[in-house]
Amino acid sequence: LMFGGHLPLWKLMDSIGSSGLRQGEETLSCSEEGLPGPSDSSELVQECLQQFKVTRAQLQQIQASLLGSMEQALRGQASPAPAVRMLPTYVGSTPHGTEQGDFVVLELGATGASLRVLWVTLTGIEGHRVEPRSQEFVIPQEVMLGAGQQLFDFAAHCLSEFLDAQPVNKQGLQLGFSFSFPCHQTGLDRSTLISWTKGFRCSGVEGQDVVQLLRDAIRRQGAYNIDVVAVVNDTVGTMMGCEPGVRPCEVGLVVDTGTNACYMEEARHVAVLDEDRGRVCVSVEWGSFSDDGALGPVLTTFDHTLDHESLNPGAQRAPNHFPFPSSPSTGAARVHAILQDLGLSPGASDVELVQHVCAAVCTRAAQLCAAALAAVLSCLQHSREQQTLQVAVATGGRVCERHPRFCSVLQGTVMLLAPECDVSLIPSVDGGGRGVAMVTAVAARLAAHRRLLEETLAPFRLNHDQLAAVQAQMRKAMAKGLRGEASSLRMLPTFVRATPDGSERGDFLALDLGGTNFRVLLVRVTTGVQITSEIYSIPETVAQGSGQQLFDHIVDCIVDFQQKQGLSGQSLPLGFTFSFPCRQLGLDQGILLNWTKGFKASDCEGQDVVSLLREAITRRQAVELNVVAIVNDTVGTMMSCGYEDPRCEIGLIVASTLSGLSAGTGTNACYMEELRNVAGVPGDSGRMCINMEWGAFGDDGSLAMLSTRFDASVDQASINPGKQRCGLGPGSGGWLPVLGMVAGGAFCRVHTCSCRFEKMISGMYLGEIVRHILLHLTSLGVLFRGQQIQRLQTRDIFKTKFLSEIESDSLALRQVRAILEDLGLPLTSDDALMVLEVCQAVSQRAAQLCGAGVAAVVEKIRENRGLEELAVSVGVDGTLYKLHPRVWVCGLGREVWPGGAGGLGSPQPSSHSFSSLVAATVRELAPRCVVTFLQSEDGSGKGAALVTAVACRLAQLTRV
């Protein structure tokens with residue numbers, strides 16, 4: 001169709017007249033190479049031929065104008081009306097070579113008054129093709145002009161007749177429907193006929209879904225159980241019929257009695273789809289493109305005459321039946337015969353001039369086609385945000401098939417107009433037959449893979465009941481641990497008895513020791529908190545020498561820091577964050593159980609590290625330091641946020657990566673518990689912060705119902721199967737869990753944990769869970785074409801940071817591709833989407849489990865205090881919580897809103913971030929608690945100082 005009354009592009013490209021070619025006819029070159037030059041007496045012909053010359057600038061203007069129209073149509077901009085339609089075909093993937101099976105194709109409208117039925121076998125083996133079986137049926141005139149039901153009943157009868165002659169099973173046949181009439185497609189298997197063409201006038205069909213009409217007819221026939229999977233146009237069939245090669249075939253081009261193109265567009269760019277993931281094949285419908293500014297300069301008087309004299313001026317016209325002459329060596333005789341067949345009496349000069357005219361017309365058509373194709377390639381390149389584009393273009397139609405020089409001019413001109421695109425033109429293999437079958441096969445493959453993916457990820461999609469069960473189990477474990485009974489939650493007293501109330505004042509030192517680098521901090525608490533810090537290193541000889549040497553070195557560094565800060569001679573309270581396995585006996589007492597992280601200093605294990613530090617201070621004469629508290633960094637997180645918000649009575653760490661000064665890869669929580677509920681600690685009034693050590697939650701089997709085969713694989717492949725990995729990083733506070741407390745405050749034996757909860761949540765394990773899922777899906781043939789990739793077999797090759805990078809790129813999938821290609825994985829667009837979905841499912845479960853744990857804690861606090869409603873804040877630290885991007889939410893069925901510093905009404909980050917999903921789960925499971933999540937800054941430094949500041953405040957109150 002034509003817009004604005006201008007001559008549409010397809011008429012200029014179609015004026016070469018291909019439809020009259022008969023099978024096997026030789027064709028004229030689209031170049032004038034090899035032809036004798038026109039004689040001097042042919043000035044009029046030369047003048048005519050000159051009109052068909054197109055400049056590079058004109059082609060670039062056409063390219064730019066068409067590109068602008070394409071982008072306008074993709075955006076859904078209706079005014080002014082775009083000159084192209086950009087129709088989604090709902091084909092979401094191209095073949096990757098593994099498609100196999102038998103498929104039926106029904107082709108209606110491609111060859112006029114006939115329909116074709118094909119049986120296509122796809123082997124899934126490269127280079128091994130089985131020729132399709134087909135049969136053509138002539139459609140009677142009365143059927144073409146009769147009722148629509150009669151036409152579709154005829155098609156169903158032809159299907160049955162064809163299948164009766166094939167040795168096939170009558171059940172479960174999959175069919176692709178090629179329907180070559182103007183349609184409005186609303187799904188892969190939904191297409192509404194807009195209007196009949198090509199002599200068809202069947203009543204009751206226009207405005208109806210032709211797929212449903214065909215299904216109804218097949219059902220009335222009743223002979224075969226046939227599933228109509230897809231309805232396809234010939235351009236899409238051309239693209240899909242292209243043999244998979246080194247580069248992806250993501251563009252289809254047809255030049256026949258008409259012309260069109262299609263290509264794989266990012267779905268997020270197609271406004272009508274309202275979809276932000278994956279790709280979709282878009283039919284450009286460029287034959288209707290008409291822009292006076294771009295096409296006007298290339299129109300000739302002959303084009304105007306052709307359009308005026310057509311059956312429908314300005315609209316689709318009847319095909320031109322002028323067959324092309326042959327090559328220069330044998331062309332003269334052929335041209336002479338053709339002209340004689342037309343009733344003419346040509347001389348030798350007439351034959352020569354006709355050849356030049358044909359070459360000029362053909363060349364212009366190829367150049368115009370190239371300008372339009374260059375616009376498509378530019379659109380594709382822009383949508384992929386790539387500097388260069390490597391792509392194969394599948395070509396179909398009799399012009400492309402029978403005029404090799406047409407394709408030669410086409411490719412050369414594309415290279416000129418789109419130099420940043422490396423394009424290969426690949427002849428499609430029977431787009432109407434094999435191509436339609438391939439669309440059907442790809443749809444079947446995607447459906448099968450989707451089922452397998454959903455089955456694999458189903459255990460990670462936790463529903464409300466499952467999360468509520470986790471919450472209930474954690475409440476039970478909390479109660480047992482507080483009573484001193486055997487429990488997977490240790491519920492360890494930290495001897496921190498209050499949170500900051502804002503009255504704390506003074507200068508405090510903090511020492512943060514968690515690795516071979518450690519920090520010394522000066523924290524000034526006034527009306528705010530000011531921090532000055534310096535990093536010091538511990539030489540390997542010191543870390544593995546004597547304990548006295550190690551603590552002397554630490555004190556030397558503290559003294560150096562004091563001197564630089566002008567604090568020499570001052571005795572400042574000091575908080576000590578010590579991130580190694582300890583057994584805490586008091587606020588300033590912590591027994592080192594064993595060294596980790598490369599430390600082997602002698603005479604330290606089994607000793608109180610605060611005492612060792614104090615002894616080193618004593619040895620360093622003229623130095624006075626008051627070590628007030630040894631601190632767990634989860635508690636430090638709570639205290640750091642508690643200074644900003646007095647309602648903060650919970651600390652949470654969800655770490656993901658090895659970075660900074662320590663190995664932040666675990667998860668833990670703490671909260672303020674009523675002292676009367678803490679067995680073994682004297683006193684019934686007041687509160688005490690409890691270090692839950694919740695990473696071990698579920699070690700008693702209470703999480704068995706949620707554990708998957710992939711969790712088991714990760715656990716079994718760990719260094720110590722059934723146990724937490726080496727050392728307890730700051731996510732677990734640096735404190736080895738203990739079994740419980742006995743009278744007098746002493747702790748009994750050390751508990752060895754498998755840390756089920758932590759292995760489902762913390763960053764140390766999420767990447768490994770994803771890797772095992774990818775291995776499983778690859779073994780099923782769902783990913784990477786089923787090829788077993790050796791690098792994917794390597795433990796820890798898929799870093800947890802990859803999850804964050806992949807999920808931050810859920811639109812363009814650039815990061816997904818970059819990461820997987822760096823791992824040596826043979827990636828397709830489908831693979832990228834599925835890997836993204838796997839990462840999202842694993843992250844979603846981690847966030848929801850974390851939220852269920854927080855919900856258990858806030859409900860415990862609310863019930864402790866006998867409140868109908870609780871308003872409380874949670875201080876959070878850890879890169880997994882802070883930096884992990886959006887998660888595709890499945891399950892809760894409620895809009896996700898994160899908590900922020902300003903509460904629920906504060907500005908919202910991504911509505912599906914890890915943090916927001918934690919908050920959403922808490923609201924779902926603890927509706928009577930209003931929970932605000934605060935991001936902690938420097939829990940191990942600032943937090944340690946604030947623990948010290950609060951202890952000093954309480955001590956002063958006690959003295960008073």
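Including glycine, each Cβ sits where the backbone N, Cα and C put it.
Curation plays no part in TrEMBL annotations; they are all automatic predictions.
As written in TrEMBL, here are the features:
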REGION    22-42  region 'Disordered'
DOMAIN    45-242  domain 'Hexokinase N-terminal'
DOMAIN    251-317  domain 'Hexokinase C-terminal'
DOMAIN    329-442  domain 'Hexokinase C-terminal'
DOMAIN    453-643  domain 'Hexokinase N-terminal'
DOMAIN    660-725  domain 'Hexokinase C-terminal'
DOMAIN    756-886  domain 'Hexokinase C-terminal'
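Between the domain 'Hexokinase N-terminal' (45-242) and the stretches 251-317, 329-442, 756-886, the greatest number of Cβ pairs separated by less than 8 Å involves 329-442. When each of the listed stretches 329-442, 453-643, 756-886 is scored by C-beta pairs under 8 angstroms to the domain 'Hexokinase C-terminal' (251-317), 329-442 comes out highest.
Counting residues per DSSP class in helix, strand and coil order gives 25 helix, 18 strand, 24 coil for the domain 'Hexokinase C-terminal' (251-317). DSSP places the residues of the domain 'Hexokinase C-terminal' (756-886) in helix, strand and coil in these numbers: 88 helix, 9 strand, 34 coil.
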